[in-house]
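Working notes, structure below.
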Ligand SMILES: Nc1ncnc2c1ncn2[C@@H]1O[C@H](COP(=O)(O)OP(=O)(O)O)[C@@H](O)[C@H]1O
Ligand SMILES: O=C(COP(=O)(O)O)[C@H](O)[C@H](O)COP(=O)(O)O
């Protein structure tokens, strides 16, 4: 109602003197270059410094008004109303918030109402295209996203400042990088269709765009450095914001929208006297209020009130009233409004900076991705030979994607090739037979974000490869016989897993693997079991006591192991978790959604919880369960994560829910 009343009652000066006459003239001439025609007729250069998209969006309602002999200014305002509704719809879609809150924070926001309907600014139109581009990005329609970005730029050139943030998001999200080309194609397509024709056809339009006084405002707030040079604060703030975003190694959608919103907010508050630009900050202000506490409402409320006071002081009506007042009371000095305006502008900038600071603190620093970008997530996996370390490590790597994972394996740190006589003296399980110092050094380097030089132990030849480089990554998986052996190693890990497989099953699987894939004779493998027994007990098994999570895979029918593998091997999983893991939701979903049989036992003091899980979940079951238990984690995973079924899938699920918990803990 307020909007309709304002449309009917108030015709802003800018609409009356610039936009409506320009649209009127473009309808009369009906040429592809209304800008040059307008200038030729002696129109002001500041009347319509926008591209084709803005013109085309405003044209239909203007035509309708002309056909109905209604003033074109109504058509202009009605188009803005439509843009306003579309904006609300997109915000609702991508913020997926409760309607009532969205109505309060956006629809009733005096910033939008005042800037659009009372002052006539058309910034809603480019913002609608930008928010639509956001939505397409969320839905991974990247061609459309790129195209809509150029539409926003064509509507208002200043929107170009958003593009570097879109690029950082796609470049810094390793699983999205592969799709960057679609976004670029959208940009090229949009530039070819919407921007290039404007540059080629309309010399008048270009002239109006380049002489737009709004663009000059960016340089207005500056510190005089002497000698005629200035330090311009708006480009400075934008560059710093860009750098801060670039430094975040991995961005998820939430981080991306928060940092872009903050860049907009900073540019807006530091650009003097541009009430229309505040609409750019609206998506950020709305989402901040929806996610934060009551204080956010208070802060945005104050910000809005100061904004309104500033806009009011700048409005021609107030200026005219003050002039009349001065006529009667001559001692009211000119500086009254100027000083009041300065105080209000200062308050506005202060509140804006506080808002940006709070958004950074609450949205960015709390974000799991941000925490991950500061320190990689390091998963340590230990267990005896044949316990399933490589299989489990590969399954975890295939969830996050090779592009996001760095792996090191304890086998690559054996001190000697297979043929060396030292193996007659000690077994591979003896820490002395392995370069654990080098393993620790490499683990610390990768955890610290530094690359390493490593070699690979080739089980088919029994020899070490030439050294090669491994760069650190968001996720590091360190597996090996001694991966949890020393305190320094253990300190590196974000999550420590020990594989405590049933001994008969381990021997069964190891024999099968060593004979079929590593070229060993059955006798040799059987003999190695005997030789290694003591070292297993001495060096490997005790590492279980340091683990956060212990997986024990057990055969449901142990007799199957003796019949030479002729019957299918059915397994059950015992998962023991320490340090206060809450397994209730997991248990409920394993039973209710995956249809498994689960027994949960908890230590009286709550330090350990043990789940015994039987049944054969499919890969789809596991994927669905992960979505339900840790929905926010899906953005960390590869675009096409490889889900496993059975026991291995359960290990993926339980580990992911521990990763989720460990990432949350980083904040505490
Ligand atoms: N969850 C599992 N279910 C079935 N077979 C498995 C499982 N985990 C490991 N295996 C098999 O056991 C053998 C040993 O596993 P591997 O990952 O090589 O152990 P490790 O790296 O600890 O020596 C492999 O042949 C592998 O296919
Ligand atoms: O004890 C292990 C550890 O590897 P895993 O944990 O993968 O079993 C292997 O026997 C040695 O690496 C030697 O390998 P090979 O016998 O091929 O020389």
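Keep in mind that glycine also has a Cβ here, set from the backbone N, Cα and C atoms.
Per TrEMBL, the listed range annotated as transmembrane segment is 221-243 (candidates: 221-243, 382-404). Mean pLDDT for the domain 'Phosphoribulokinase/uridine kinase' (378-555) in this predicted model: 95. Outside the transmembrane segment (71-91) by six or more residues, the chain places 3, 6-7, 11, 15-16, 19-20, 23-24, 27, 57-58, 60-65, 97, 102, 106-107, 112, 116-117, 120, 122, 124-125, 127-128, 131-132, 134-135, 282-283, 286 with a CB less than 8 A from a CB of the stretch. Only sequence-distant pairs (6 or more apart) were considered; of these, at least three Cβ pairs between the transmembrane segment (255-283) and the transmembrane segment (111-135) are under 8 A, so the stretches are in contact. Beyond the transmembrane segment (111-135), the same-chain residues lying 6 or more positions past its ends with a Cβ under 8 Å from any Cβ of the stretch are 2-3, 6-7, 10-15, 19, 50, 53-54, 57-58, 76-77, 79-80, 83-84, 86-87, 90-91, 93-94, 144-146, 148-149, 151-153, 155-156, 158-159, 162, 166, 257, 275-280, 282-283, 285, 304, 307-308, 311, 315. For the transmembrane segment (221-243), same-chain residues at least 6 beyond its ends with a Cβ under 8 Å from one of its own Cβ atoms are 161, 164-165, 168, 259, 262-263, 266-267, 270-272.
Beyond the ends of the transmembrane segment (38-59), by six or more residues, the same chain brings 17-19, 21-23, 25-27, 75-76, 79, 83, 122, 125-126, 129, 151-157, 194-195, 197-198, 204-205, 207-209, 211-214 to within a C-beta distance below 8 angstroms of the stretch.
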